[in-house]
Amino acid sequence: MPNASRRVLVLTGPTSSGKTSVACAVSQVSDDLVIINADSKQVYRELPILTSQASCGMLYGYLSVFDEFIPSVASWMRDCADCLESVWAQKGIPLIVGGTPMYLYSLLHGINLLPSLPDCLMRELSEELDNLGPSGFLNRFVCKSGEDLSRFSCDSYKMLRDVAYFLYTGKTIQELYRESSVYKIPYDSIDVVAIIPSDRDSLYSKINERFLEAVNSGAIDEVASVVENKAAFRNRAVTTICGFREIASYLRDEITLERMVAMGQRSIRNYAKRQLTWFRNKFNGIKAFDQPQDAERYILREILL
């Protein structure tokens, strides 16, 4: 790799495309490579099987599902910046690996810095959302505030965030974004390599196989240990992990094992579709490969040498 004290290498692609295997392979060839996680679901230490966490690297499993703190793009950017500074200080090569589109988009283009929300406000609103449900929660807020319903997300996690910001600042999330400053990690250069399989059927087959393997390897026990501790579990972001809600429904005897597997697989396939749409529409100029072995070969021969 050419001399660059603050250079970044990124390896991305949809779920089950082979990113982790490529990252592990190239890190074995180059002792200087340090893997940094860029997957928003692989940060929870209680769910390594369900989220297919890598066995090595930074920012994997470093948070707990029982923490009141809910990670965001901004918090990942701060943590990633700290990791990068640490790797650069040791003359290492950071390899950021993951498929969370907003993490990668913010890494490339920067992020709007929004004010931090008080934990007490988030706890209060989260309890209201639990008691009223998404529709009742939003309708109650709209009735009290007189705000336009269409200005708030229908997704429960984003809805909670949007309402919290409005109550705390008196402004909508859109207004805050327009008024905020942009933070960008100060690297010298960045190389982005993506694995974008053209054979969707093959990708979906791998997704199905991986979720089934996770179910058979302990993912059910992982989710059970989380949902059984209802008093401590308040992190809504965890419930958005593909397969989590389906397994939780199975544990409540609401669906059969076979139905749970099918629903979990479908959830992950739909997520992969959204990832592919992001890569197609938002990430111009990246070096994309159809097969993981081609991406590995390019990294080893064109970037690391």
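Cβ coordinates are placed from backbone N, Cα and C, and glycine is handled just like the others.
Swiss-Prot lists Gly13, Pro14, Thr15, Ser16, Ser17, Gly18, Lys19, Thr20 with the feature ATP binding site. Counting every protein chain shown, 22 other Cβ atoms lie within 10 Å of the Cβ of Thr20 (ATP binding site).
Here the Cβ of Ser17 (ATP binding site) has 27 other Cβ atoms within 10 Å, regardless of which shown protein chain they belong to. Among the features that Swiss-Prot reports, substrate binding site is placed at Thr15, Ser16, Ser17, Gly18, Lys19, Thr20, with the record citing sequence analysis.
Secondary structure of the region 'Interaction with substrate tRNA' (39-42) per DSSP (helix as H, G, I; strand as E, B; remaining residues coil): 0 helix, 0 strand, 4 coil. The region 'Interaction with substrate tRNA' annotation in Swiss-Prot covers 39-42.
Cβ neighbour count for Thr100 (site 'Interaction with substrate tRNA') (all protein chains, 10 Å cutoff from its Cβ): 20. What Swiss-Prot records for Thr100 is site 'Interaction with substrate tRNA'.
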Cβ neighbours within the same chain of Gly18 (ATP binding site) - under 8 Å, at least six residues apart:
Ile195, Gln291, Pro292, Ala295
Rounded inter-Cα distance in Å - Thr15 (ATP binding site), Thr100 (site 'Interaction with substrate tRNA'):
9
Among Pro14, Thr15, Ser16, Lys19, all listed as binding-site residues, which has the most CB atoms within 10 Å of its CB?
Pro14
In which DSSP state, out of helix, strand and coil, do we find Ser16 (ATP binding site)?
coil
Counting across all protein chains present, how many other Cβ atoms fall within 10 Å of the Cβ of Gly13 (ATP binding site)?
26
Gly13, Pro14, Thr15, Ser16, Ser17, Gly18, Lys19, Thr20 excluded, remaining Cβ within 8 Å of their centroid (ATP):
Gly99, Ile195, Pro292
Please report the Cα separation of Thr100 (site 'Interaction with substrate tRNA') and Thr20 (ATP binding site) in Å, rounded to an integer.
14
